[in-house]
Structure formats: structure tokens, C-alpha cells
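Engineer: Structure provided below as C-alpha cells; questions to follow.
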Amino acid sequence: MFSFDALLQAIARQTVLCVGDLMLDEFVYGEVSRISPEAPAPVIAVQRSETNIGGAGNVARNIAAIGARCIFVGLIGDDATGRFLESELGSESRIEPVLVCDGSRPTTRKVRFVSEHFSTHMLRADWETASPAAADIEQRLLDAILPQLARADIVLLSDYAKGVLTARVIRDTIDAAKKLGKRVIVDPKSANFAIYRGATLLTPNRKEFTAATRSAAATDDEIAAAAQDAMALAECEAMLVTKSEHGMTLVPRGGEPIHVPALPVKVRDVSGAGDTVAAVLAVVLASGANWAAAMRAASAAAAVAVSKNGTAVVTPAELRRRILPHASLAAEEKIIGSDAELDERLKQWRREGLRVGFTNGCFDILHPGHVKVLTAARGACDRLIVGLNSDASVRRLKGESRPVQHERARAEVLAALEAVDLVAIFEEDTPLRLITRIEPSVLVKGGDYTREQVVGHEIVAAKGGDVLLVDVLPGFSTTSLVARAREGQS
């Protein structure tokens, strides 16, 4: 039986040596509503901007985000962009950057101008020198790469054709890795797959595959046939062709193709999705999974990546939500462990335009009255967060004999309900701090309160939100249930 937790534990033990073209990705978001009076060119009214580690650096970030360690070897120029990337990579606890500085070229930088409303790219500006690294830089790159091979469980070459992965660097790295029994995954850019000879797996997209094989690659059968010829030339074990919304096809040498459909998702930005696929394939294969399991994980990760704006990474929690059935996520994914985790989930929901609701309570012994309030609350919003009093908070409010169930047990019961999307445990006597942080669009309590008695009502009202009071079911309360149980025992 598939165990996601066991997979994550195995991933955490892996080290990936990632080599490739590092770049800075900048995204400038805005809208165009007029043409410049100076020239027939659109004027972009800038609303915000984001800066991310891109190219092979994004592969390294995804390796680290999913829980593995990454030794990253890349090239930077002697400029502010290079120093910024070096600092950013150095701040990642799971990434060990080994960067070579080439003062003869700029650090690659790409600036994309994107419609905030439609998430469409309007323009891209590049600062780069794409020529192969000079012989002395090649040697410095190899001096950085080869000593790290023994420490790695798997090697990943991320080729953006920006000068790092020259024919010599590719050849010497693959040959040295094979001598040590290390598998090598290549995300190729060159149409000459023969330069990657001896790699374990090549992961071209359909356009790259078509250019390299000169095949139409219009059907899975055509891809499989062309892949067998390409693998014979490249002497690799398998080829994975990514096909955007049509999923991906893996062709093992001499074996039957494996097709995995794309997961349904609203696509916001495809930038860096190939990086995510390569990273997840590497760490999952290094962990001992087979081709099918690695493809399944990579497909799920790609679905998460394209649903985000900009160059994005995928976390274990996001991957879990895509891979596992919804019902199995309750205790593990619905219970928030930190404010940062809560903020990230809120950011994602608001990016999707979802209406967030909030209710709270001790929920010591869940009864039909609770279920009615929770169901009504979920019906008034798109995502419901339940604030749960901690054990210490319950004791202060209800007395030393309470709670009957400890906070983790209460949280797991709530998380198992379909109406509940998140459970946040709070230590204070009231959920005011949580409400202030969340700023819900809907605040829900039982009808035994008045609007003015509902903690946080003024915060919600100030933001244009609603306060909803749900009629309580008579005869149902935790206090009365506990009292009746004790009377029965005596």
C-alpha cells in the first residue's frame, strides 16, 4: 500500500546534486488600459512585482521545498544580480550553493510583464549571454561538480542553454557519475540528445522532443516509437515527455510506455513547471520509488506549480493534497500548526478569490448542535476555519474537570468533518487574535449569542464582512452531556 509519510521520510534522507543555469526571475504585474502617446506601445500600469530564484536554481528550490537536500552548482556574473542570487541560495537551509563567478558575462535575468487580471504574459526582457562557458570556466565548474558526486544520491542536470552545461561539462559529469553508480536525470535543452549519452532519464517537453526526434509526436504511439530511437542514440534507460495539459508519457527502453494524465487545475502560470517536474522525479526516484510512482508525484507537483503565479515551489503538504484522497487529509492537513502555515493557506485561498469564514468553540464532545452550526457556517463561505480553544484555555473557561478530550483529539474530530477546511488551536481565552489575523468575510456563532457579544464582530464589520448567528438545537450542550454522563455513572 502506498504510504505518503514513508515516502516523505525517505525523501528527507536524499541528497541531490543539481547542476545547471542559474537565473533571476522577476515578475511585474499590472494592467494595460492605454497606448503611449510617445509611440504605438502599450503602457503597463504596474501594481506589484515579485523576484524569485529561477532556472536551475528553481529546480534546487523545489528539491529543498519537498524535503531533500540539494548541492547546487551554477554560474553567476560579477554583478548585483549574481550577489543577490548567491545570498538568496545561501539563506536556504537545505541548499548548499557552490557557485562559480564568471566576470565576463552577466548573471542571467528575465523580467516578465504579466496581466494581473488575466495572468497572461505580455512581454519578457532578458539580460544574458548564452554562449558556452570558456575553457577556464568549464574547468572551474568541473572542479566544483566532481568532488560532490560521492555525496549525492542522484544527479540532476538542468540545461537552459545559458553556458553552464557545455558538452565537456555534461560528458565528464555523466561519466564520473556512472563510475560511482549514480543515476543521472537530464532536463535537456539541446536538440542533440546524443550529448547526454549515458544519462538515466531525459525529460524533454513535447516541443523539445519534437525538435530532437524530428517526429510529429502528435499521439502517444508516435511519442513511444520516436523515444525508442532517441534512447538508442542517447544510451539512456528511459525518456519522459511532458505534454502540458495532456499529461506526460514515460517510455522505458525496451518496455511498455506509461501514460499519466494531467490533473484538472486552473492554470495561472506555467513558468518553472518543468523545473518542478524534474525536481520531484529526482527526489522520488532517489527514494526508491518506481517509474509509475515517480510520475504520479511529478504530475501532482506540476498541477500545484501551474496553479500559482510566477516561478513557484511545491511543499509536501501541497503534494499530499494532490496525491491522497480528500478524506485521508483530515488530521494531517486541516490542523494548522503555525501562524505562517495559516498565512500561506489564506494567501492561496484569497488568490483564488475564495470567501473565508470563521467560527470557534471548545468542541469538547461534538454533538448535533455543533454540527448544525458548522454546516451552516460552511454554507455561508467557500472555506471554513474553526478556531479551537486549547486545553489550557478550556480549563480556564470551564473548570479543572474540562476538557473531556485533549486538544489534539478534539482537533482531529473537527478535521474529519467535510464542512471544516482548517482547524486552528488558540491558547487565549478568546479567538480575537486569530480573527484579527484571518480577517474573515463571514463570522459565525450559535444563536444563543447576540451580534454584539460575538468576539471580533467589529473587525469583520469594518472589513465589510458578515456576522451570522445560527439557531441552536435545544437540549444539546457539552455541559449538559457531561453532567448526564456523570449522573449515569453515579
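We number each residue from 1, going along the chain as drawn.
Every residue gets a Cβ built from N, Cα and C, even glycine.
Keep in mind the model is a prediction, meaning the values are calculated, not measured.
Copied straight from Swiss-Prot:
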REGION    1-328  region 'Ribokinase'
BINDING   N205, R206, K207, E208  ATP binding site
ACT_SITE  D275  active site
REGION    358-490  region 'Cytidylyltransferase'
Engineer: List, in sequence order, the residues of the same chain other than N205, R206, K207, E208 whose Cβ lies within 8 Å of the centroid of the Cβ atoms of the recorded ATP site.
Structural biologist: P204, F209, T210, A211, V241, T242
Engineer: In the region 'Cytidylyltransferase' (358-490), how many residues does DSSP put in helix, strand and coil?
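Structural biologist: Helix/strand/coil tally for the region 'Cytidylyltransferase' (358-490): 57 helix, 26 strand, 50 coil.
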Engineer: Quick one: give me the count of other CB atoms within 10 A of the CB of the residue listed as 'active site'.
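Structural biologist: The residue listed as 'active site': 29 neighbouring Cβ atoms within 10 Å.
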Engineer: Measure the Cβ-based neighbour count of N205 (ATP binding site), defined as the other Cβ atoms within 10 Å of its Cβ.
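Structural biologist: The answer is 18.
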Engineer: Ranked by the number of other Cβ atoms within 10 Å of their own Cβ, which of the binding-site residues R206, K207 ranks first?
Structural biologist: R206
Engineer: Would you mind checking how many other C-beta atoms are within 10 angstroms of the C-beta on E208 (ATP binding site)?
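Structural biologist: Taking every protein chain into account, the count is 21.
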Engineer: How far is it from the residue listed as 'active site' to R206 (ATP binding site), counting Cα to Cα, in Å?
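Structural biologist: Checking the Cα atoms of the residue listed as 'active site' and R206 (ATP binding site) gives a distance of 15 Å.
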Engineer: Over the span of the region 'Cytidylyltransferase' (358-490), how high is the average pLDDT in this prediction?
Structural biologist: 86
